[in-house]
Amino acid sequence: MTPVSTIFEPAVPHAAAGRRRYDAAARWAARLFIYGIPTALILVPMIAFLISSFWRIDGATVDRSFTLENYRTFLSDATYWGIYLGTLRLAGVVALFGLVAGYIVAYLIWRLEGSFRYFMLLCSVIPLAMNYIVKIYAMRNILGFNGILNTMLVWAHILPAPSTLFVFNQTAVLITMTVIYLPFAILPIFLSLERIPASLVEASADLGGPPGYTFRHVVLPLSLPGSIVGGLFVMVLALGDFLTPQMVGGSQGFTFGRAIWSQFGMAFDWPFGAALAVMLLLAIIAILAVAGLLSRYGRLS
Amino acid sequence: MTRAERITIAILWLFAGLVFLLLYGPAVLVVVLSFFDIRRGAVVWNSFSFEHYAALAHNASILSALGNTLLVAGGSVSVAMVLALAIAYYMRTGQRRGRAYIEFVIFLPFVLPAIITGISLLITFRELGVERSLFTVAIGHIVIVISIIYRLVMVRLEALQTSQLEASADLGARGFTTFRLVVLPQLSSAMVTGALLALTISLDETLVTFFLAGGDPTLPLRLWAMMRVGFSPEINALVSIVLLITTIAASIGALLLRRSIPARKA
């Protein structure tokens, strides 16, 4: 049963029996540590979360007997379904924007040469390190009623007066999420372009394919599956976000993430919140399954 | 290149420029506004000064939030480093049956949205009767950053020749000696990069922290609370400092990362 190991085995074969017993104990301690800590810190909480979605709130206490009531409440309430599907669509649109804009930026960087290429790549990744709350805050500054966008549109005579079009609604959430999550799309798209063997692009050029033709028939088909995976990654991030809609969405920008979060805050119905989060998890597992299929297909073709 | 292609590329670059404007515009705006007063929602353009930065030094709640953030980041990144190193080294030395399982578990919080990680830990802490505090926040951050450090260390370990480990064992070195004298020196660049990345993530982490924080807020939570009240030049000043530090840290991290990736062939 002992795993084959060149390192954790005793180096001297004829060591004393006591020494060997000590080694066996040390190996078991190492195993317990290596497998135990990630299990305790990550897997056990995940399971606890899944189990708690089958509990029920009874007054101020939690009733820990198995019930499907939380799921029944969700499935029978059209409001929750509406928010659920609406959030899926919102995250899908954010992902689509990320995919299109990210592809254009990543493609242009991919075509560059030398250190300028690396510099531009760095520029597209640095916004990831900028504080998340700060970005939301700045976007509120820009999109607000007295914000930069409105001021500029009025100044340019596109709008007669400041508009409430970009503040405290789904549009504001969409714009802000796109700006925040776009860098997460650029990097995976760039990497999927980078995986295309240079010889294929050269071969296409040698055979007389003009750049546009090479792009349509070689680069795009080879990079698209990986790029879509990048887009789906953005979708997962957008689905789980609850602070962006809270900060720029107002009452019209209610998303499923906010619905979950409010169960842990004001409503204080943790089991129901957990059940809602399980519904979110199901959507995410479906998205990840699609991503997995796409990346396998991308590697085969 | 034909003319049509040249025009297409030019239009694409124009679009990319717009995207970069969108990515950097918000941050630049905050930095610019941090030097001016804001009265009744309008910027007073002739009030350029550094006084909002000076005011920060006397804001006790911000300073304590900053202290909390640094404490959590330092503690959680150190623990995550040790854990990730130990797990990666264990998995690398020998045919470990549980490797797929451990990598699945470690990468869960990386793949799933933060809200699910946050809820999971929150529910577990309550079932265990653990009060929310900086300790629970630190556990959350360990869970989040461990996968990144593990990945970077593992990539470096896989590139390591197995013969080096075997030679060390042949010369009579036991596990820990080999690790200390042969492996660790070669891991330093991966560890520094991993630590910098993990620090950046921990300093910025908000979505999980939200669920796990007790009475002591970290800087992002404090920022969030301040912004709900309204905009103030002081927030802009604070935010500018945070932006400056994270940008520098990220740039250093990226440059280090570049050195560990082989250069692209021409």
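Each residue, glycine too, has its Cβ placed from N, Cα and C.
Annotated features in TrEMBL:
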TRANSMEM  B:12-36  transmembrane segment
TRANSMEM  B:56-89  transmembrane segment
DOMAIN    B:66-256  domain 'ABC transmembrane type-1'
TRANSMEM  B:101-123  transmembrane segment
TRANSMEM  B:135-153  transmembrane segment
TRANSMEM  B:190-215  transmembrane segment
TRANSMEM  B:235-257  transmembrane segment
Q) Taking contact to mean three or more C-beta pairs under 8 angstroms, with sequence separation of 6 or more, is the transmembrane segment (B:101-123) in contact with the transmembrane segment (B:190-215)? A) yes
Q) Among the recorded stretches B:12-36, B:56-89, B:135-153, B:235-257, which has the greatest number of Cβ pairs closer than 8 Å to the transmembrane segment (B:190-215)? A) B:135-153
Q: Using a Cβ-Cβ cut-off of under 8 Å, list the residues of the same chain that are 6+ residues beyond the ends of the transmembrane segment (B:12-36) and lie near it.
A: 43-45, 47-50, 52-53, 233, 236-237, 239-240, 243
